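In what follows, a single structure is set out as structure tokens and then discussed.
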Amino acid sequence: MSYGTINDMNESVTNYRIKKAQNNIKGWYAYSFSSEPFVVSAVSTYIPLLLQQFASINGVKVHDHSIPCLSETGSDSDKCVLGLFNNRIFVDTSSFALYVFSLSVLFQTIIVISVSGIVDLWGSVKFKGRILVWFGIVGALSTVAISKLNDTQIYSLAGLYIVANGCFGVINVVGNSLLPIFVKDSLKCQSQGAYEPDKVDSLTTVISGRGASLGYSSALIVQIVSMFLVASKKGSKQDVQVAVLFVGIWWFVWQLPMIWLIDDVTIPIRADDSTLASARSPYPGEQDALGQLNWKNYLSYGWVSLFESFKHARLLKDVMIFLIAWFIISDSITTINSTAVLFSKAELHMSTLNLIMISVLTVVNAMLGAFMIPQFLATKFRWTSSQTLMYIIIWASFIPFYGILGFFFNAFGLKHKFEMFLLAIWYGLSLGGLSAVSRSVFSLIVPPGKESTFFSMFSITDKGSSILGPFLVGLLTDKTHNIRYSFYFFFLLLMLSLPVLNCLDVKRGRREAEELSQVLPESERRLD
């Protein structure tokens, strides 16, 4: 074989790997484009409305349980409660939605922990892509099923939402864990092995920002189409369910390209290889006759691996700082959206169409925030990643502060419908920037080879706060029957996060993560 032929073969292999790396990034964009409408449109707008609507239809007046909630008998100011478990307990109709959110996130956390260890153990990008598609199909079909329920099936509504949200949690963790792998694969292929570490930071930020913008773009398209669907069903009880149906179909269809796009750039070591199974087994000696781990051990590996990762995270100062800060931030930012929807419906009596318009405003400005904040504002003013996060939090804290003003003033402080439209713009900018920056920051400070497990920690921190936040707001609403009091809770949390974020040093965190990855036992590294 001639020297020229060998060069041609090497060039062909290099081009093949570059194409694979580029396709993986396109597949990552498809993940964001297909699934983002579920959380932005369904979870943030439609599901809260459906839960409150079903609760109101099946609820009664708080002061007289013999009077249906939607009855014209009694005062308009009478609050409503929903009887659960054969009327053993009664909860505020707004609180019911919040309690379901908490329960769904608890289920999501359990399934995320179980699955994240499996994908790290398997060590194949293609397998992770299949996980995205499998759970996406189940989540999409559960969303479609929600659109077919009648208003008496309140427990079925809660159950299907819990399943769909659990599936979204899995693909969110696995999808985010693929980002640093795709970035490094792309740089390795383009530079044929060697690349500058600083390029990882910039490329991660760019791809993360584009992914967030694409996700919000898809959510915007879904919301605009949903406006026409809801308008065509105006006056019907099924108007929101038509929008939910469209979200489910969108999720199902647009995730399919990932089947062909996401693949291994290099041939991975097979997960069922006896050496890999032996090296990675959390239970040495418990492989089957073929040297393979059984599914019981695969599932438990996620919990064992997570426990080990928390032990390692204690050695990573900046990972711990970020996770503590994120727990506080997420508790406020994620809960405030669903609370605002319930507040708008219950207190301001806004129509479904108006709430979708607010959601569209939020999505448009989230796209701007995801694109402008990391790529222009942070660059222009030379903010560090941690500084950028702090400025976003300060910006976002105005929203609950403005809601608090409603206790003291009658003219403003979320007393009128138009104020919700203005705050939607404000919230969207902060949400988009936070989504793009937080993902890229955390991906920079996790040990190479442990992306899925550490992003599982990130998700668990996020979801742990999302279990607590809605639950506490639900208790507060049950006690006061006034959801406005939740704004005190949100404002306090955002203020508490600032001094924690001020301690974050991304460069130090990245250095410590790389050092830790070098000293991890061979059995705990991903075998590339």
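In case you wondered, yes, glycine gets a Cβ from its N, Cα and C as well.
Copied from Swiss-Prot, the annotated features are:
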TOPO_DOM  1-98  topological domain 'Cytoplasmic'
TRANSMEM  99-119  transmembrane segment
TOPO_DOM  120-130  topological domain 'Vacuolar'
TRANSMEM  131-151  transmembrane segment
TRANSMEM  154-174  transmembrane segment
TOPO_DOM  175-210  topological domain 'Vacuolar'
TRANSMEM  211-231  transmembrane segment
TOPO_DOM  232-241  topological domain 'Cytoplasmic'
TRANSMEM  242-262  transmembrane segment
TOPO_DOM  263-318  topological domain 'Vacuolar'
MOD_RES   Ser278  phosphoserine
TRANSMEM  319-339  transmembrane segment
TOPO_DOM  340-352  topological domain 'Cytoplasmic'
TRANSMEM  353-373  transmembrane segment
TOPO_DOM  374-388  topological domain 'Vacuolar'
TRANSMEM  389-409  transmembrane segment
TOPO_DOM  410-417  topological domain 'Cytoplasmic'
TRANSMEM  418-438  transmembrane segment
TOPO_DOM  439-485  topological domain 'Vacuolar'
TRANSMEM  486-506  transmembrane segment
TOPO_DOM  507-528  topological domain 'Cytoplasmic'
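Applying DSSP to the topological domain 'Cytoplasmic' (340-352) sorts its residues as follows: 8 helix, 0 strand, 5 coil. In this chain, the transmembrane segment (319-339) lies in contact with the transmembrane segment (389-409); the count of Cβ pairs under 8 Å, excluding pairs fewer than 6 apart in sequence, is at least 3.
Per-residue confidence over the topological domain 'Vacuolar' (120-130) averages 78 (mean pLDDT, predicted model). Note: the stretches the transmembrane segment (131-151) and the transmembrane segment (242-262) are in contact (3+ CB pairs below 8 A, sequence gap of 6 or more).
Proximity of distant same-chain residues to the transmembrane segment (353-373), defined by a Cβ-Cβ separation under 8 Å and at least 6 residues beyond the stretch ends, is recorded for 40-41, 44-45, 49, 209-210, 212-213, 216-217, 219-220, 223-224, 226-227, 230-231, 234, 243, 337, 341, 344-345, 388, 392, 417, 420-421, 424-437. At the 8 Å Cβ threshold, with sequence separation of at least 6, the transmembrane segment (418-438) lacks contact with the transmembrane segment (486-506), having fewer than 3 such pairs. A Cβ distance under 8 Å defines the sequence-distant neighbours of the topological domain 'Cytoplasmic' (410-417), meaning residues of its chain 6+ beyond its ends; these are 343-344, 347-348, 350, 354, 402-404, 423, 484. Ranking 154-174, 211-231, 242-262, 486-506 by CB pairs under 8 A with the transmembrane segment (319-339) puts 486-506 at the top. Each residue of the topological domain 'Vacuolar' (120-130) gets a DSSP state, and the totals for helix, strand and coil are 9 helix, 0 strand, 2 coil. DSSP places the residues of the topological domain 'Cytoplasmic' (410-417) in helix, strand and coil in these numbers: 1 helix, 0 strand, 7 coil. Across the topological domain 'Vacuolar' (374-388), DSSP helix (H, G, I), strand (E, B) and coil residues number 11 helix, 0 strand, 4 coil.
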